[in-house]
């Protein structure tokens, strides 16, 4: 085999991996980069020269930064109203905790003289965590002029006037992810401030629903729990404006000094970095965005509420001890960490709207007030516990699957199992793992995730796939037979001119020696040995090719479904929710293919009952958790209706399987709707062999059985019974014990109705089985025998699977 192409391909890949990834910038790029650095140096100088009160849009005071100039036509007239709502939320948070708020909070004119950084509250000093809460759109008191989008598009070279991140709808849900650490921090006698970054997902509650993702950077005052966040882009230099958005002069001074230090370090780092088209990198280590598009800018005021333990205000030293134990656990006797609670006001200066969280007294407590969520340490702990539970679920599923594989160790038992039932289970395992990895990978250690991934690989790609391949190979002849029946070969005319005489037969051997057939009517071995071997070899090769095609199709369908499912995150919320519920319904229908195969094959006991019940409970667990627990780690909206519907659907399927096991696989299927299949549990009735119709199933004359009746009709214990009903006793050739079977009266005899007789004998029929060759055995004996071979124990004739 020629491998020169592969060698050259690997050589090129090796060269690309070892080659330097950094290239000197082009001359035009270097000049643009120098101009960009000069502009940013000038902006930093202007920030250093500014002072508190320089930015006052109602007083016609503006800043020289992009987005805060007078001719930018932003709706800065809404800023006082947004700040008023933020002050109101601060007062409510202090009052609800049982503390007395400063009186100067009521008077906006007295705010500049207020020392907000000295307002010490019992709050978490590290605000890193994940929070969720409902929001409403605030109705503005007056109309403001619309943004001059044409001028902005011309200034920045945008190819469209459509703004992204324009939040619509009157209500929805906030999903806030706060991250501290790795940024600048400033500690002085007057207070403390540090950098913070956040990601805000805004979900609307309109009909289709939409979700917007906003990246934010800002400052956090740990002593008071106040946070100011802003977006940043080439048309809005939000980081330079942040200090001027503070409520008091002391907060301005702290944030002003912090940002001067941080932005100076960032600019120094940027001078040594390859060029980028993004005009400003917000924080050190933040991601850069090349080719920005126009979008709505946002400013967010967050206020953390004082921590309460069992509805009592916590002391500040206790809160510090809780935080210390969370970050460096040593087993200290501290109370469990309460959830973080925050109020939020979201203000868009260019798109002109205000969003705020629900709070008292405007909304009752039953509405789900404020933003609530665990600190990141608690969230990581909950996530790790969930992954551990998922690992336990996978381990239990693997155990049940191994038991079922051991039970279905013969071709007879494997032919009863539906391939699509096992395939749906494997699909579900793969989906559960991949989406948990996508959502919880940053919160859970690599070792825990590797354990879950290994168990899933074991369940899907090793044990499950091996079982599916065995089932697929065993059922290959059945599929080929169905294809032959659906596509019969076209008849070809004889090549000879005249047909043979009716009394003649084609001569196969012209020798004088006659052909003597064996008693079992088998053809001569020398004539058919070679074709049989050739046919067996071709059938085995065809089966191997069929299994390989199934393997490729399985992973192709899995890959396509994963791509579509990941793409569904970008769909409108309602459409994505409908897709997720439809996918869950299809996945939890894994018993439906088995029910259908039981009907087609007319078989009852295909799966172990511990496998059926165990898999049903284990595979329902993730759906019940995420759809019923409000504080689940993925912040999925509770939907008990869907949870109960999915659980009820699985319950119905299990009951149908149980009914098929007791009443028969086709008890609810009208006669003629399913293909004909042999019934191993016919009703025995008085009559001679001429009335036998074995293929029809249902009723079999007692005289058609090839067994010795040991009892007759004159047994003493049967004399008390009705004349139209008796029992017969036969020998089971497997266990050598007697079989006692009920025998109904012959047709036309006087007695009870056939409906009554059939109802009373439906359970007793399950104790015996009659083969197509008319031999009778105990059900348990013959089923055990048929697990090993599909031959009659007496006459060795082939018999169909149960």
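Backbone N, Cα and C define each Cβ position, glycine as well.
Per Swiss-Prot, the listed range annotated as transmembrane segment is 382-402 (candidates: 340-360, 361-381, 382-402). Topology note: residue 547 and residue 634 are separated by the membrane (different topological domain names in Swiss-Prot). When the ranges 430-450, 493-513, 514-534, 682-702 are checked against Swiss-Prot, the one recorded as transmembrane segment is 430-450.
In Swiss-Prot, the feature transmembrane segment is placed on 643-663, out of the ranges 307-327, 643-663, 706-726, 727-747.
Long-range contacts of the transmembrane segment (382-402) within the same chain, counting only residues at least 6 positions beyond its ends with a Cβ under 8 Å from a Cβ of the stretch, are 374, 425, 429, 432-433, 436, 440, 443-445, 448-449, 451-452, 455-456, 458-459, 463-464, 467, 610-611, 614-615, 618-619, 621-622, 625, 633. Note: the topological domain 'Lumenal' (630-642) comprises 3 helix, 0 strand, 10 coil (DSSP; helix = H, G, I, strand = E, B). Among residues of the same chain six or more beyond the topological domain 'Lumenal' (630-642), those with a C-beta under 8 A of the stretch's C-beta atoms are 130, 132, 173, 175, 379, 382-383, 386, 439-440, 443, 581, 584.
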